Amino acid sequence: MRTLISHRQCVTSPFLISAASPPFPGRCFKLSSFTPPRHRRFSSLSIRNISHESADQTSSSRPRTLYPGGYKRPELAVPGLLLRLDADEVMSGNREETLDLVDRALAKSVQIVVIDGGATAGKLYEAACLLKSLVKGRAYLLIAERVDIASAVGASGVALSDEGLPAIVARNTLMGSNPDSVLLPLVARIVKDVDSALIASSSEGADFLILGSGEEDTQVADSLLKSVKIPIYVTCRGNEEAKEELQLLKSGVSGFVISLKDLRSSRDVALRQSLDGAYVVNNHETQNMNELPEKKNSAGFIKLEDKQKLIVEMEKSVLRETIEIIHKAAPLMEEVSLLIDAVSRIDEPFLMVIVGEFNSGKSTVINALLGKRYLKEGVVPTTNEITFLCYSDLESEEQQRCQTHPDGQYVCYLPAPILKDINIVDTPGTNVILQRQQRLTEEFVPRADLLVFVLSADRPLTESEVAFLRYTQQWKKKFVFILNKSDIYRDARELEEAISFVKENTRKLLNTENVILYPVSARSALEAKLSTASLVGRDDLEIADPGSNWRVQSFNELEKFLYSFLDSSTATGMERIRLKLETPMAIAERLLSSVEALVRQDCLAAREDLASADKIISRTKEYALKMEYESISWRRQALSLIDNARLQVVDLIGTTLRLSSLDLAISYVFKGEKSASVAATSKVQGEILAPALTNAKELLGKYAEWLQSNTAREGSLSLKSFENKWPTYVNSKTQLGIDTYDLLQKTDKVSLKTIQNLSAGTTSKRLEQDIREVFFVTVGGLGAAGLSASLLTSVLPTTLEDLLALGLCSAGGYVAIANFPYRRQAIIGKVNKVADALAQQLEDAMQKDLSDATSNLVNFVNIVAKPYREEAQLRLDRLLGIQKELSDIRSKLQLLQVDIDNLHVSRDEMRL
C-alpha cells in the first residue's frame with residue numbers, strides 16, 4: 001500500500017521507508033510544499049533552535065521544528081496523478097458536475113490539483129476558492145503563475161512556466177504570506193526543453209516538473225530522467241496503451257497529468273491501475289537488487305558475541321516500545337519517523353553521511369574513496385538531492401545504475417568494495433540558498449551513524465558550518481573532519497596552523513577533546529587512483545605509493561581509518577558497533593525530551609482547565625454571597641412596610657381607646673355584635689393594612705424577579721464562560737437537559753405566598769373585636785357599679801350604711817376605669833406581637849427564596865461544569881500515566897546505554 005501524503009490527518013501508518021536502505025517506489029517523496037495547518041501543537045515541538053545562535057544563547061521564540069531552519073518538507077505519494085484544470089472549466093457550464101468529478105477523483109487517485117489562470121483574475125480567484133474548499137487536506141492545490149492569488153487563497157504553492165517568476169522568489173513570497181506555516185511552499189515548473197528543466201531543478205530549486213503531451217515532450221522526459229532527480233509529471237496524450245504508460249513509469253516518470261476530459265472518460269481509473277502496476281513491478285525489482293549475496297552480513301556485525309547480540313535485540317525491543325509510547329503521547333509528531341527509520345536500520349550497513357558546504361569537495365572525496373569518478377563534481381552546487389550509494393557486485397556497466405526513488409533519494413548501486421559494509425550518502429551543501437536542499441541535509445543528519453564533515457582549506461569553519469555543527473549537537477553524532485584541498489598551503493607550517501585552528505574551534509563547539517581530522521587533497525588522491533587503475537587486483541589502499549606524495553598518503557590514512565570500522569575485532573570496529581547502536585538511541589532521547597516537554601505542557605494545560613472550571617464555580621458561589629448581601633436591602637424594605645403598618649395601627653389604637661370616646665363606647669356596649677364597623681376599624685382595613693399588603697406584594701414580586709434575573713444572568717454567563725474557554729469541546733456530554741435549565745427558572749416564591757395569605761379585612765375584624773371587648777369590659781364595669789349603689793341605698797336602714805355602699809360601688813367603677821389603659825396596652829402588645837411574628841415569617845420566607853435561588857444557581861453551574869471537569873481530569877490522569885510510561889522507558893534507555901557503553905568489556909572483565 002502506498003503511503004499517504006503527510007498533511008492528511010493519518011497517524012496509523014507512520015512507519016516510513018528506511019532512509020538508508022534502498023527505498024521502494026510508491027513511498028513518500030519529500031517535497032518542499034505548503035500543507036493545511038494541523039490541529040494542536042503536537043507537531044511544533046518545544047526544542048531550542050541553535051542553528052543561527054550561539055550555544056549559550058536562548059532563543060526568544062519557540063522553535064517550530066526539530067530542524068534549525070524551522071521548516072519541514074511535506075511528503076507526496078508517487079507515482080501519482082496531477083489534475084490540471086482551467087478556471088473557466090470550474091466556473092462555467094455545469095459547475096456541480098465538475099466539482100463532483102473532481103471530488104471523486106480526489107477520493108480515488110489525484111494527489112495534486114493545478115488550476116490554470118486563463119480567465120480573469122477575479123474568476124481565477126473564485127475558482128481557486130471553490131477548489132480550496134473542495135480539496136481540503138486531501139491533495140496539494142497549486143495556482144498557475146499567480147503567486148498573489150495562491151497567497152490569498154492559502155494554496156499549497158504555484159506552478160510556473162519558463163517565463164514565470166524564479167522559483168525562489170515565488171517560494172519566498174508565499175512563505176512571507178504565511179509565516180506560521182512550518183512547511184515550505186510547493187513550486188512546480190512547467191518546462192518545454194531539457195535546458196530549462198535542468199535550470200529549474202538545479203539552479204532554481206523547483207520541487208517537480210510538468211511536461212506537455214507531445215512527442216518532443218516525451219523525448220525531453222527521456223533525456224531528463226537521466227540527469228534530473230526531482231519528480232517529473234508527463235501530460236497524457238490520450239492514446240497511450242497501458243504497456244506504454246507502465247514503461248514510462250518504469251523509466252522513472254513520477255506520474256501523469258490528467259484533465260477534466262480524462263475524468264469524464266474515466267481515464268484516471270486506467271492510469272491509476274498503471275500506477276499501481278508500476279509500483280508492484282518496481283518494488284519487486286528493487287527488492288531483487290537489495291537481495292545481493294553480500295547483504296547477508298548485515299550492518300557489518302560479524303562474529304558478534306552473545307552479549308552483543310543480546311544487546312542488539314534488547315535495543316530493538318526497547319526502541320519499539322519507545323515508538324509506541326511516543327505515538328501514544330504525541331500522535332501527530334512526524335519526527336518519530338526518524339526513530340522508526342533508525343530502528344529499521346540497526347541490521348543495515350553502517351551509514352556514513354558526507355556533509356559540508358557546496359564546493360568543499362564532498363563529491364570528490366566520495367569519488368576518491370570509491371576509486372572512480374562516479375559522482376559529478378563542480379564549483380556550483382551539483383548535489384541537489386540525497387544521493388545514496390549502495391553496493392552491487394554486478395560488474396556490467398549497464399547494471400551500474402542509479403534510480404530516483406519516491407522517498408526523495410537518488411540511489412546508486414555501485415561495485416565499490418567499501419560499500420559492502422558501509423553505505424555512503426552525499427548531501428546538498430549546508431549553505432545552499434535553496435531552502436529545499438538545505439532541509440534535505442538537515443533532516444537526514446539524525447539518521448547518520450558517522451558524519452564526515454568536509455571542510456574546504458580555503459575557508460575552514462565558515463559561519464554556516466559552525467551553525468550546522470551546533471545543530472548536530474542535539475543528535476550526539478560522531479564526527480570525522482576532512483580538511484580538503486590541503487594542497488593549497490605553501491608549506492607544512494601553514495597546514496599545521498590550519499589544522500590547529502580547526503581542532504581548537506571544533507573542540508569548543510562540540511565540547512570534546514578528541515577531534516579526528518585528516519588534511520587531504522581528494523582530487524590528488526582520485527587522480528592517483530585513476531592513473532593506476534590499470535593495476536587490476538590490487539586494493540585501493542595499495543594503488544598509490546604512500547611515500548610518493550604526502551597528499552595521497554594522508555588520504556590513505558583516512559581510508560585506513562574508515563576500513564578499520566569494518567573489523568569488529570578492533571577497537572575502531574567495536575566503536576562502529578557502538579555508533580550504530582547509539583544512532584537510534586540519540587534520536588530516541590531527543591524525541592523523548594520533546595515529548596516529555598509536550599506532555600508537561602499538556603499536564604499544565606489540563607490542570608489549568610481544572611482550575612479554570614473550579615474558578616468559574618467559585619465565582620458563582622461568590623456571586624451567591626453577593627446576592628445574599630444585596631438581599632438585605634430587600635428584606636429591610638419589606639420589614640419597613642410591616643413596621644410602618646404596625647405603627648399606624650398602634651397610633652390608631654391609642655387614639656381610639658380613650659374614655660372620652662363616649663359615643664364609641666356606648667355603641668360597642670349597647671349595640672354589641674350588631675353594631676357596624678366603626679370608622680377606626682374601617683381605617684385600619686382601608687387606609688393601613690390594604691395599602692401595606694399591596695405594597696408588600698409588589699415589593700416581593702420584584703424581589704422574586706430580581707432573584708430570577710440574577711440567577712439566570714449569572715448562569716448564562718457561566719455557561720458562556722465554559723463554552724468560550726473550551727469551544728471545541730461541544731458534544732453530547734455538554735448538551736444540557738430541560739430540567740437543568742429549569743433550575744434557573746424554578747422558584748417557589750414563598751415570601752410572596754406569605755403575604756398573599758394575609759387578609760386586611762380579617763385582620764381589621766380581629767382588631768375591632770379586641771377594641772369592642774375593651775370598651776365592653778370598661779363601660780360595663782361602670783354601669784354595674786352604679787346599679788348596685790342604687791339598690792343598696794334603697795334597702796339599707798341608715799344613712800351611714802348608704803354612704804358606705806356608695807363608696808364600695810364607686811371603688812368598683814374606679815377599678816374598671818383604672819384597668820382601661822392596661823387593656824389598651826394589651827391590645828397594642830398583641831398588635832406588636834402579631835407584627836413581629838409576621839415580620840419574622842416574611843424574613844424567613846425571603847431567606848428561603850434566596851437560598852433556593854442561589855442553590856439552584858450553584859447546582860446549575862456544577863452540572864454545566866461536570867463534563868468539562870471530568871474531561872480535564874481524565875486528560876490529566878491519562879497524561880500522568882503517559883508521564884509515568886515516559887519515565888519508565890527513559891530508565892530502560894539509560895540502562896541500555898550503559899550496556900552499549902560497556903560493549904568493549906568482556907564478560908570475564910565484567911565479573912572482575
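One-based numbering along the chain as shown.
Quick reminder: no glycine exception, Cβ is built from N, Cα and C everywhere.
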Residue among Ser201, Ser202, Ser521 sharing the GTP site, where Swiss-Prot lists Asn359, Ser360, Gly361, Lys362, Ser363, Thr364 as binders: Ser521
Feature coiled coil in Swiss-Prot, mapped to one of the ranges 205-232, 401-428, 877-904: 877-904
Pairwise C-alpha maximum, in angstrom, for the residues (Asn359, Ser360, Gly361, Lys362, Ser363, Thr364, Ser521) that bind GTP according to the record: 14
Number of other Cβ atoms within 10 Å of the Cβ of Ser521 (GTP binding site) across all protein chains: 25
Cβ atoms near Gly361 (GTP binding site) (within 10 Å, other residues, all chains): 26
Lys362 (GTP binding site), number of other Cβ atoms within 10 Å: 29
Secondary structure of Ser360 (GTP binding site) (DSSP, helix/strand/coil): coil
Which of Asn359, Ser360, Ser363, Thr364, all binding-site residues, has a Cβ with the fewest other Cβ atoms inside 10 Å: Asn359
Confidence summary for the coiled coil (877-904), mean pLDDT rounded: 91
Tally of DSSP helical, extended and coil residues in the topological domain 'Stromal' (823-912): 84 helix, 0 strand, 6 coil
